[in-house]
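Participant: Take a look at the following structure, please.
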Amino acid sequence: MSFLLNLIPAISHTNHDEMHEPNQTHLHRHADTSPTNQHNTSHKMTTTEPIHVTTGSGESRDHTEPRHVTPTSPNALDGRRITIAYATETGNAQDFATLLGNACTRLRFESHVVQMNDLSPETLAQDVSVLVIVCSTTGQGEIPLNGKKLWKFLLRKKLPPNLLSHVTFTTFGLGDSSYPRFNWAIRKIHKRLSQLGASEVGSRGECDDMSPDSIETMYNEWQARFCESLLKAFPLPEGVEVIPGEKLLPAKFPVKVLTNKPKRDTSDADHVACTRKDVLQGTVVGNERVTAKGHFQDVRFFQIDANTEDNDMADLSRDFSKLNSDSRDLHDVSRAVSAGSSIDFSTGDTVSLFPQNSVADVDLLLRDQGWEDIADYKLDAPSLPPIEGGYVTPLTLRSLITHHLDIMGIPRQSFFTYVFHFATSERQKERLQEFSQPGEGLEDLFDYANRPRRSILEVVTEFDSLKIPLKYVLDVFPLMRPRLFSISQKAHTMPIQLCVAIVKYQTIIKRIREGVLTRWLGGLAIGQKIVFTKHSTPIPDLDNYDVIMVAPGTGVAPMRSLILSRESEKETVLFFGNRFREKDFLFQADLEKAVGDKKLNLFTSFSRDENSGGYVQQEMYRQKELVARVLCSKQGVLYVCGSSGKMPREVRITVVTCIQEVNGWTEEQAEEWVKGMEKSGRYLQETW
């Protein structure tokens with residue numbers, strides 16, 4: 001075991017947002033993962049509720065092989081092949097899958113790392129012999145969007161019980177035990193693979209965001225155990241050894257510059273962004289700050305018009321900017337432009353926005369690495385890692401860095417397992433290598449990168465002898481992920497309306513950090529072109545239910561959409577909270593209008609105002625009779641949306657307390673009632 005821990009490099013403190021993925025309604029709003037919030041987590045089994053995998057029938061869909069695949073490893077032995085499929089929403093499961101792929105390459109396997117949705121049923125049924133699935137759980141037991149396609153196939157009733165009898169498998173899950181269905185997704189997948197005849201190699205691994213130990217430590221330990229089991233099941237031939245961890249593996253996605261071709265101009269980043277193939281196009285029609293000018297938190301009411309025939313980015317026919325500035329009721333904008341929409345949105349739907357690195361940051365990296373002279377030649381990349389929305393064209397080094405490489409994120413330890421090979425200074429090489437080691441190296445890395453929020457670009461420029469071979473660019477730098485936002489407009493209207501908090505803060509080393517997406521978005525002008533993708537993830541139909549909504553901060557965005565769209569005589573209650581009534585009462589005009597129209601019962605909490613009543617959970621307790629009446633007597637729905645951490649846990653504790661005290665129940669009885677709400681889908685929770 002210790003040999004395998006040393007052989008296969010560990011990984012660093014990972015973005016904890018993976019554990020806070022949204023609940024079964026998929027109301028995504030992960031505004032910025034760069035700079036990344038990273039916390040300690042570990043393996044902790046807390047859920048005892050049995051898992052029942054229910055199969056379903058349906059029409060067969062077309063399944064195609066992924067366009068971008070990991071190339072065959074020259075170090076693999078004939079017939080020694082492993083497929084590692086991941087499902088993720090913030091990238092953590094993908095990072096683990098990539099690390100596991102590298103580890104298996106060192107065991108002389110031909111390793112293929114793919115999204116679950118890119119693993120076709122034909123390939124799974126015929127070509128896969130060893131399978132590992134790495135999957136996070138989205139909120140209350142759901143599988144992420146990029147894994148649902150394969151999961152739906154696996155649930156078909158007509159599948160024979162021996163479909164996967166040729167497959168040896170294991171799984172690894174990422175979860176958060178503060179959710180009632182902790183690691184539910186991976187447990188469902190694991191059980192279903194067994195039902196279809198697959199046999200286990202090694203045990204399933206799980207990590208828990210709520211544990212004091214790091215998920216990286218737990219993952220490393222599980223990986224070592226799995227690799228040990230894998231070697232026992234598939235021993236190496238005599239005379240063939242495992243590839244040492246100190247040896248640099250060949251590039252999986254090699255890149256070279258076509259200097260024999262003309263240079264390409266990709267300086268117009270907005271135009272280049274629109275060359276992605278798998279996106280929708282729109283025009284910015286609103287980018288209004290909705291918090292007070294003197295307030296430290298800049299929140300934007302951001303609007304995108306996609307009202308064009310064939311979505312061809314035609315010029316606007318109205319002066320949306322003037323309409324927005326003249327209207328205190330932001331819903332007026334939606335009503336004014338709803339006719340003729342070519343793209344339809346329902347309450348709960350989300351959009352992905354694609355950030356761009358700044359010109360200054362891109363130029364700095366090009367200068368530091370000596371790539372300026374080759375930055376504008378077209379790239380030759382025989383294989384590309386999969387990416388949502390597709391790649392821009394032409395793909396030059398400049399456009400690749402601008403639109404696709406995450407150079408401003410906090411580096412993970414996997415980054416250092418590559419780059420120490422490329423430093424020419426022995427002292428710098430030794431230091432970089434230390435960051436790639438478990439134990440003290442992990443602690444040093446946390447102090448160096450995570451605590452001060454140091455970016456990849458800063459690391460590269462600080463180690464001046466570090467020169468990354470162009471061939472390894474796609475292996476060394478992580479890909480930028482799109483950021484997901486819930487719509488806030490009334491269903492079936494345009495423009496798309498988003499509520500976005502601009503990320504900007506000072507670190508402990510007195511450096512200003514800005515979110516890549518929100519810095520870019522904050523500077524977009526009216527009329528500017530933008531690309532996005534749409535995710536149809538509507539919440540359940542709540543018109544037949546009384547609803548209590550709890551929404552601090554920008555969590556109010558999907559609540560606004562629900563309130564504007566709701567056509568029901570049922571009771572609608574909102575507990576909204578923020579810091580200051582006069583500075584960040586988001587959507588105040590809309591909410592107060594709904595109150596005046598008898599469509600909403602509104603309770604507010606402003607934590608920094610004197611005598612404001614504190615936080616949303618404190619106001620809920622003051623209204624405990626209402627809470628108990630709606631949730632118990634009227635069998636209503638509770639819908640919680642906002643930042644992760646204390647808020648969702650304290651809201652749940654408050655709900656249990658309200659029900660207990662008003663009904664005269666024991667704590668155990670109230671807890672069982674809330675668990676029943678969670679199981680029946682009447683307790684909806686999204687945090688990030």
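The count begins at 1 with the first shown residue.
Here the Cβ of each residue, glycine as well, is placed from N, Cα and C on the backbone.
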Participant: Of the residues TRP222, TRP665, TRP673, TRP688, only one is listed by Swiss-Prot in the FAD site with ARG453, ARG483, LEU484, PHE485, SER486, GLY515, VAL516, LEU517, THR518. Which is it?
Facilitator: TRP688
Participant: Closest to THR88 (FMN binding site): which of the binding-site residues SER486, THR554, ARG608, GLY613, GLY614, going by Cα position?
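Facilitator: So, spelling it out, the nearest of the binding-site residues is SER486.
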Participant: Sequence gap of 6 or more, C-beta under 8 Å: which same-chain residues meet both conditions with respect to VAL616 (NADP(+) binding site)?
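Facilitator: VAL616 (NADP(+) binding site) has long-range Cβ partners VAL550, ALA551, PRO552, PHE575, PHE576, GLY577, SER605, MET647, VAL651.
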Participant: For ARG453 (FAD binding site), find which of the binding-site residues SER136, ASP176, TYR179, THR554, SER607, ARG608 come within 10 Å, Cα to Cα.
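Facilitator: Candidates kept after distance check: none.
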Participant: Which three-state DSSP class does TYR615 (NADP(+) binding site) fall into?
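Facilitator: Its secondary structure by DSSP: coil.
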Participant: Does anything in the same chain, at least 6 positions from ARG608 (NADP(+) binding site), have a Cβ under 8 Å from its Cβ, and if so what?
Facilitator: ARG579, PHE580
Participant: Over the span of the domain 'Flavodoxin-like' (82-227), count residues by DSSP class, listing helix, strand and coil in order.
Facilitator: 59 helix, 35 strand, 52 coil
Participant: The record lists THR554, SER607, ARG608, GLY613, GLY614, TYR615, VAL616, GLN617 as binding NADP(+). What's the largest Cα to Cα distance among them, in Å, rounded to a whole number?
Facilitator: 20
Participant: Cα distance, LEU484 (FAD binding site) to SER136 (FMN binding site), nearest Å?
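Facilitator: With distance taken Cα to Cα, LEU484 (FAD binding site) is 17 Å from SER136 (FMN binding site).
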Participant: Taking the Cβ of THR518 (FAD binding site) as the centre, how many other Cβ atoms fall within a 10 Å radius?
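Facilitator: I get 24 for this one.
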